[in-house]
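Database features, via TrEMBL:
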ACT_SITE  A:146  active site, charge relay system
ACT_SITE  A:222  active site, charge relay system
ACT_SITE  A:255  active site, charge relay system
């Protein structure tokens, strides 16, 4: 493991680390914000952030402005890359499949199955690494944007007890029902739609055993709202399952990091409350 | 003139515009933040932001997190590109000459002299355009980073009465004395060092007619501190000229936008006070 960036920020450090991932069979990078409390040796809770299509570990750490709030609340933030990387890793010409588009699942179909195991990476390998190497106290939260919002919600729903809180910006809540998800799931998982359902928030809500409240922000000016995001399906699924949901529809806001930067402070405050 | 981006942000809009610049002989882009007050038709003061080497109009608007503070204080922020652009514009293989590296001067040497007139663009054409097309009240401030900090300081010093306030992050304060400046000034201006002095903050301070206080933030962990930035020369020049200077040396901070994002709120508050 090697630190490749370190920038002072709000009394702590924004860093980038790289390491050899055994789960993914490639070298991976992740952003790490260490608040001042962590520098002083205090063990801190960790918020995991999953980014959206086309992103690397850089987008969130350079654009979201989360460091200010993480510093305020004494949170570590870990922001991994969005897929396996490297010359040996299969890719696709589309921006919505292959590198930068893992959908945070374990692929079952070739050529993807060897490297595309981001679900296991995010659930197991990355937290084990973080908790072994950094001053983390074992309390975890998870959030993300778009494809990463889908990742955060599905991972939290499938792993009761593992996260104290979960939130999402502009998440893909029903990937089995929308073009982005269908394309990716067909390639990564094959044609069996029953298999797809284990990675679909709306489906998972039907059998969720833990009532972890979902905090979701969605811009009403989002260019992907109607075709890909469909927050009304999330609302209906939560109502049907009596699952607690705070869905903030934000007039005028789009799918960009400008939207995330406006409301990341509220999400971090939400997580900090649960992580205390 | 055409709007090519518009993103809701803190009750206003972060926009990007393009227009044909007569000064530069090419199409130019600039970022424009319009606070809520401007959307409601109120005329607002304008802060001009000049970015550093290699930047476009995107870096500041996506990474600095300035919108929050501009919204709070009711400021418009205009962030132009850092040089003329386009296939007809001469360039150089180095990152520190040609496109992305105008140094905000009017070039006198070929092949640069036709297009590289960013001083005139920033001082005259851009404010005239902004004040004609947007709800600007005529009150101006100027700031920038590194090469853009040099631009902000020299432009303010050379144009008494034109700006209510000036500030800079990590500015090149003595370009005639450091490698970045010497390389660029030799190419753009020729060998006569007397000509160079009209674009050098330390030199301009010797004859400044207006005592506009300079607010400067400089990271002490900045990788360019010793060779290119030399804030001690600024301090000495201000002391010699009895020119008011607030020089904040920030332990640990580097040359990146992480540094800017940490202190941009203080700079915007400073400008807002002067612009009221």
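Glycine too: its Cβ is placed from the backbone N, Cα and C atoms.
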Neighbouring CB atoms within 10 angstroms of the CB of residue A:255 (active site, charge relay system), all protein chains considered, total 22
Can you tell me how far the Cα of residue A:146 (active site, charge relay system) sits from the Cα of residue A:255 (active site, charge relay system), in Å? 8
Any idea what DSSP makes of residue A:222 (active site, charge relay system), helix, strand or coil? coil
Same-chain residues at least 6 apart in sequence whose Cβ lies under 8 Å from residue A:222 (active site, charge relay system): A:170, A:229, A:253, A:254, A:255, A:259
